[in-house]
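Below is one structure, written out as structure tokens, with a few remarks after it.
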Amino acid sequence: MRGRFITLEGIDGAGKSSHVQFIADQVRERGVHVIDTREPGGTRVGEDVRKIVLHEPMGVRAEAYLMFGARSEHVTKVIEPALAAGEWVICDRFIDSTYAYQCGGHGLPRATFDALVKALEPAPVPDATFLFDVDPALAAERQQGQQRTPDRFEREKTDFFRRVRGAYLERARDEPARIRVIDASGSFEQVRARLEAALAPVLA
Ligand SMILES: Nc1ncnc2c1ncn2[C@@H]1O[C@H](COP(=O)(O)OP(=O)(O)O)[C@@H](O)[C@H]1O
Ligand SMILES: Cc1cn([C@H]2C[C@H](O)[C@@H](COP(=O)(O)OP(=O)(O)O)O2)c(=O)[nH]c1=O
């Protein structure tokens, strides 16, 4: 029986990474093997690409090609083999991030994005995507606490994240069966409770 593919999405600081392990544990509790991974990254090549694309200045096309290059390795070497073996995959960011950040944020033409998605085929489509939706100002506040130097994207201004958020919500309107919007404002506990409620039917 093929495994299920769950992705987490949202602007930087939405709080999504804080829930990856929780989701993986919920799946494990049902006796299912699960791996958690992330993009850009997930493989040696992907993690090397991550260092470049998060820190080197470049044009939006190069950004998009690098994200899809890393993704190609990730899908063929990690995600698809795990799903085929019946394991579930929890992935922190996937193709929706490219639409939101490169198209919504940096103006990549939609036709270029669609061509990259096509070139990646056959790629697994997530069975469920949890979009952690939050106001960019609140997300920026949450990032304040973080010690490490912000990457190229985290240094963007609020209007960039407004565009990214808008693109995510557009995706969610286009694919309501796949993308569950989680209101990520409020306390950690409140967000966790909303996630649990949205997760229940996916784990059933
Ligand atoms: N609901 C919340 N309220 C306040 N701070 C939060 C909340 N959720 C996460 N955080 C904190 O915000 C920061 C960003 O969280 P993280 O999960 O890394 O976000 P993302 O992966 O979406 O960028 C972390 O310091 C985390 O502890
Ligand atoms: C997967 C992906 C990520 N990104 C961006 C979103 C994030 O700002 C960054 C990945 O960082 P992120 O996943 O937020 O990791 P961390 O929480 O450790 O910073 O890359 C894209 O622009 N396009 C993509 O296709």
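Just so it is clear, glycine is given a Cβ too, placed from its N, Cα and C backbone atoms.
Features as listed in TrEMBL:
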- GLY10, ILE11, ASP12, GLY13, ALA14, GLY15, LYS16, SER17: ATP binding site (BINDING)
- 8-193: domain 'Thymidylate kinase-like' (DOMAIN)
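Other than GLY10, ILE11, ASP12, GLY13, ALA14, GLY15, LYS16, SER17, the residues of this chain whose Cβ falls within 8 Å of the Cβ centroid of the ATP site are, in sequence order, PHE132, VAL134, ALA139, ARG142, ALA184.
In the structure shown, across all protein chains, ILE11 is the one of the binding-site residues ILE11, ALA14 with the greatest number of other Cβ atoms within 10 Å. Taking a Cβ cut-off of under 6 Å from any atom of ligand 2, the binding-site residues ILE11, ASP12, GLY13, GLY15, LYS16, SER17 reduce to ASP12, SER17.
Mean pLDDT across the domain 'Thymidylate kinase-like' (8-193) comes to 97 in this model.
The Cβ of SER17 (ATP binding site) lies under 8 Å from the Cβ of LEU8, ASP92, each of these being in the same chain and 6 or more residues away along the sequence. Classification of LYS16 (ATP binding site) by DSSP places it within a helix. The number of other Cβ atoms within 10 Å of the Cβ belonging to GLY15 (ATP binding site), over all protein chains shown, comes to 21. Long-range Cβ contacts of GLY13 (ATP binding site) within its own chain (separation 6+, distance under 8 Å): VAL134, LEU138, ALA139, ALA140, GLU141, ARG142, GLN143, GLU154. Here the Cβ of GLY10 (ATP binding site) has 26 other Cβ atoms within 10 Å, regardless of which shown protein chain they belong to. According to its DSSP assignment, ILE11 (ATP binding site) is coil. Same-chain residues at least 6 positions away in sequence with a Cβ under 8 Å from that of ASP12 (ATP binding site) are, in sequence order, ALA139, GLN143, PHE153, GLU154, PHE161.
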